[in-house]
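Okay, so here's the structure we're looking at.
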Amino acid sequence: MKLLILDRDGVINQDSDAYIKSVEEWVPIPGSIEAIAQLSKAGWTVAVATNQSGIARGYYDLATLDAMHARLRELVAEEGGEVGLVVYCPHGPDASCDCRKPKPGMLKTIARHYAIDLRGVWFVGDSKGDLEAAVAVDSQPVLVMTGKGQKTRSGALPAGTLVFDDLAAVAAELIHNSAPLNG
Ligand SMILES: O=P(O)(O)OC[C@@H](O)[C@H]1O[C@@H](OP(=O)(O)O)[C@@H](O)[C@@H](O)[C@@H]1O
Ligand SMILES: [Mg+2]
Ligand SMILES: [Zn+2]
């Protein structure tokens, strides 16, 4: 099974330091919807693992979060693809939950759902916590330059992190094997 796991904010959709609080604020990054659809049509299962502390902070509710993900599924379906399991952590930084990245709990949930070993599975993120979550379960950390990616790249990256301009470039690598940026 070809599984790819994506972070959401800053990878699929634009991110904001003010959080993404509504469907209207949930704006796809150019090329990301098409990338997910192309991967899906090429036989990849595309899952999502996203921190959503805005729930715990009271910035938006679960119905709004679900509406964002329904919009994601709708847009990808319009391009002929589909989105797999979407897992989110609704907790705040102080909740000491097992699911908030950089902890790998959401990645493990996805692995259990698909009964797959996470070793070598690409996890694409824009934040250091995404990369650390990948490393914690021997997945392949992949950084994109969208969202907080540029800031993340200015610091130390886990060894072996692959770096791409954006999700469209990741899809091109996985589907057409074009070369990644130097990490
Ligand atoms: O990138 P993913 O995991 O999909 O989602 C990140 C969001 O939940 C928010 O995470 C927050 O971090 P804190 O949760 O406040 O530390 C901030 O970085 C926000 O800018 C960001 O929108
Ligand atoms: Mg992110
Ligand atoms: Zn959590």
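Positions of Cβ are set from backbone N, Cα and C atoms, glycine also.
Because the structure is a prediction, the values reported are computed rather than measured.
For the Mg(2+) site that TrEMBL gives as Asp7, Asp9, the extra residue drawn from Asp126, Asp138, Asp165 is Asp126. Here Thr50 (site 'Stabilizes the phosphoryl group') comes close to Asp7, Arg8, Asp9, Val86, Val87, Tyr88, Cys89, Met106: these same-chain residues lie at least six apart in sequence, with C-beta atoms under 8 angstroms from its C-beta.
His91 (Zn(2+) binding site) is 11 Å away from Lys101 (site 'Stabilizes the phosphoryl group') when you measure Cα to Cα. Among the recorded positions listed here, namely His91, Cys97, Cys99, Arg100, Arg100 has its C-alpha nearest to that of Asp126 (Mg(2+) binding site).
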